[in-house]
Amino acid sequence: MPQPLKQSLDQSRWLREAEKHLRELENLVDSNLEEEKLKPQLSMGEDVQSPGIGEPLHPNVRAPLSHVVRAATIDLPRLGNKLPAKHHLGKLSGLYQMKGCTFNPEWKVPDISDTHFDLQVINECPSRNWKYLTPAKFWPKSISYFPVQAGVKAKYPDNVMQHEAIVGKYLNRLYEAGILYKRISKHLVTFKGKPYNWELQYLVKQHQVPDGTTTSKINGRAENRRRRAPAKSISRPHDSERDCNMVGQISNNRSSIRPCANNGGGKHYATTRRLACWGGKTIGTDQSYSSRDTSATVDSRGRSESSRGFSTISGRKATGNHHHCSNVTNSVETTTRGRSTPGKQVVTRDSSALPESRASRACHKDSSPQKEENAWYLRGNTSWPNRITGKLFLVDKNSRNTTEARLVVDFSQFSKGKNAMRFPRYWSPNLSTLRRILPVGMPRISLDLSQAFYHLPLNPASSSRLAVSDGQHVYYFRKAPMGVGLSPFLLHLFTTALGSEIARRFNIWTFTYMDDFLLCHPNARHLNSISHAVCSFLQELGIRINFDKTTPSPVNDIRFLGYQIDQKFMKIEESRWKELRTVIKKIKIGAWYDWKCIQRFVGHLNFVLPFTKGNIEMLKPMYAAITNKVNFSFSSAYRTLLYKLTMGVCKLAIRPKSSVPLPRVATDATPTHGAISHITGGSAVFAFSKVRDIHIQELLMVCLAKIMIKPRCILSDSTFVCHKRYQTLPWHFAMLAKQLLSPIQLYFVPSKYNPADGPSRHKPPDWTALTYTPLSKAIYIPHRLCGT
C-alpha cells in the first residue's frame, strides 16, 4: 500500500481502499436495529437462530478481534418477548432462581464481641468526619411499621419455630454485645456495655418496689408508673438509712439502681430511694447527690456469672445523717473495653464498713426471677414503638462455613418503594483510579476490620427507626446495621479518618476501602514493625482487627478488592477466567434466555472487561434486554465475540506512563463532504453517500483515519467524537467505533484552527496555527494519595 496522503506518490490505490472502508462504515450507520427490537418469536420451542450444518461446538477464536467484531455486526443477537424462557446459563441462574437456603437446625450463633471505640479517637485522629459519626443520625422521611409477630421472615416454612428460636439467640447475643437496645416500654429501653457520652443524659435509675410501682428517675425528676396496687408508705423507722449506690450494675429485671445525669451542675438535691429485694424487705434512703464528689470506678470487662445483689444495710437504727454520694454520669471511669469482673461489687465508701454476709443475704433471699447483669436503662428523646421496621432471617455464614449462621436484616423499605431515601454519595475508586494510586514495587500488608459496621454508634432517636424482633422482644439497633444504605457511607467516613491519621502518624502509604486497609512502604522490615504498631494503635482506641483476614507479614503479591496485585501489575485470577469461559461455551445458539439470567451474566462480564481488549458497547444488546425486561437470544458470531474477549486476557500496569503524542492527523466533515489532513501536507477529500447529522459524519471520518493511517492521536473539532460516548448510535456502529478509537487519544481543536477544515471546503490545509486540547476528564484522586 502506498504511503498515505503523500502528494509525491500515486494515491489512487489508497483512495480506492479508503472509499471502500467508508462505504462499509456508512452501511453500518444506515442499518438500524429498531426494526429488530422486541420482535416476538413464532413459538418458544422453535430455535429461530439454529446453528448451521457443521457448526463447531466451540467458538472459533483464531480470527483477529477486529474480524470477530465485524462478524458480530452482521450476525446480530436478538431480543424477544416476555414469555417464560431459560433461567439457567451454565452455573448462573436468574436472581429469583438462586439456590434456596437450606435450614440447619444445628446452626451456631457466631461469637460477637463488644465493639465500643473510645471517643478519644476524635482527638487522636482529627477529622471533620467525626461530627457525622458521634453519633450517626438516620432520619427517614416516612416509615412503614409491621407487627412484632412478622419480625422473622418465613424463609423456612417447615422449621418456623426452630428458625425463630435461633434468631432469638442471635439477637440476644447482639444485645449482650451492646449492639442492640431491648424494649421495656414505650419510653424505656435497656442495653449493655459502656454508654456513650450522648447517652448519659438519658440514663435512668429504674427500680421496682413491692407495691408494683416502677420508679424511673431521669435528670433528677422522679416518675412513678403504677402496676396494680395503690401507693404505700414502705419506709420503716427501724431500718437504717444507708447509701447503696452501684455504678453499671443491675440486680433484677426492672429492679435496678442507676445514677443518672445531673444537669444541675453542682446543685444538691435530695430524693428518697427505694430498693426492692425479692425477700420482701425494702430500704428507704434519703440521699443528697453532688456532682463535686468523687467518682466511682467501674471495671466493665467480663460478664458476671454469679448472681449479684445490692449491698443492703444492717438492722441497726439509722442516725438520720444524709450520706453524700457521687453523681457519676459525667465522670464514669471504665477500662478500655468490657464489663465488670465476676464477683465484684461497687459500693460507696460509707457502705464498706457493713458486714458482707448480712448485706448480701437481704437481696439474695428468694432471688428466683431472671437477672439482667451489667445493663443500663435509657429513656431516649423519642418513643420506642412496639412495632418493627425490618425483618430477619438466617443463612449460612458463607459457602465454606455452614455451621455458623449469618443474620440477614431486611430494611429494604428505605431503599425502594414509597419510603426510598437518597443516600449520600462517596468517593469509591474504580479500576483506573486504583491503578494510578497504588505505589509500584513496594511490599504490602492488608488489614481487615472485625465487625466493621458495629463500630458505628447511632443516635438513640435514630435507633428507634431501626426496629427488629424475634417475635417476642423488640430490639433497636444501637450500632449501624448492614441492611441500610446509609451504613456504607458511614463506614467510608470512619475508615477514611483512621487511614489519614495512620498515614500521617506512621509515615506510610495507606489506602482504605470499606473495612479494608492497605499499607505500603519500600522497606519490608520497617513495614512489618509499623503494621504491629498500627494494630496496637487501633486496638487501644477500641477498634477491632480481624487477624484471620490480615496479612501476617509484608508480601509482594496481594489480593485486594478481588484483584491479584503484584509489584507492577494487576490481574484477575485464572480460575475466574476459566469459570467464565465455561459459561460462554454452554451458551446455546438461538435459545431464549430470561433477562434476569442475562443480568447475572453481564455482572460477571463487567468485572473482567477492563482486562480484555473489549469495551462496554459490546454488552449493549444484553443491556437492552435487561432494560426492557425481555428475553435474549445469542447469535453464533456474538457468542464467538464474547469468547474471544475472555481469550485476550491482559494484565494492567500499575502507575501507567501517560504520554501526550503530537498530533499528525486531523479530520473534519460537512454534511456532504469529509476530509483527512496529514501534517506532511497531504490531504484527501471524500463525498458521503447521503446527508446525515454532522456528529455522525465527523465520527465516520475519524474512524476512517484510524483504519487507513493508524495514528497515535487525531485532531477533531467535534466534542461528540472526542468524548467517545456513542450510546445514541446504532449498536454495531457504536461498538466498532469504540473498538477503533479506544487505544488512541482524540484532541479537540476549534474549527478555525482545524487543519482539515480547509480541505473539507476545497481549500488547502493550514498547520501553521494549531491550538488543541484533550477533553478527557482527569481522574479524581484524593489529595493524600497523590504524593506517592
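Positions of Cβ are set from backbone N, Cα and C atoms, glycine also.
Per Swiss-Prot, the features are:
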REGION    1-200  region 'Terminal protein domain (TP)'
REGION    201-365  region 'Spacer'
REGION    211-244  region 'Disordered'
COMPBIAS  286-298  compositional bias 'Polar residues'
REGION    286-373  region 'Disordered'
COMPBIAS  326-351  compositional bias 'Polar residues'
COMPBIAS  363-373  compositional bias 'Basic and acidic residues'
REGION    366-655  region 'Polymerase/reverse transcriptase domain (RT)'
DOMAIN    376-565  domain 'Reverse transcriptase'
BINDING   Asp448, Asp515, Asp516  Mg(2+) binding site
REGION    656-788  region 'RnaseH domain (RH)'
When you measure from the Cβ of Asp448 (Mg(2+) binding site), how many other Cβ atoms are you left with inside 10 Å?
16
Residues in the region 'RnaseH domain (RH)' (656-788) grouped by DSSP into helix, strand and remaining coil:
42 helix, 26 strand, 65 coil
Looking only at Cβ atoms, how many others are within 10 Å of the one on Asp515 (Mg(2+) binding site)?
18
Chain-internal residues, separated by at least six, CB under 8 A from Asp516 (Mg(2+) binding site):
Ser446, Leu447, Asp448, Leu449, Phe560, Leu561
Looking at the region 'RnaseH domain (RH)' (656-788) alone, can you tell me the average pLDDT?
87
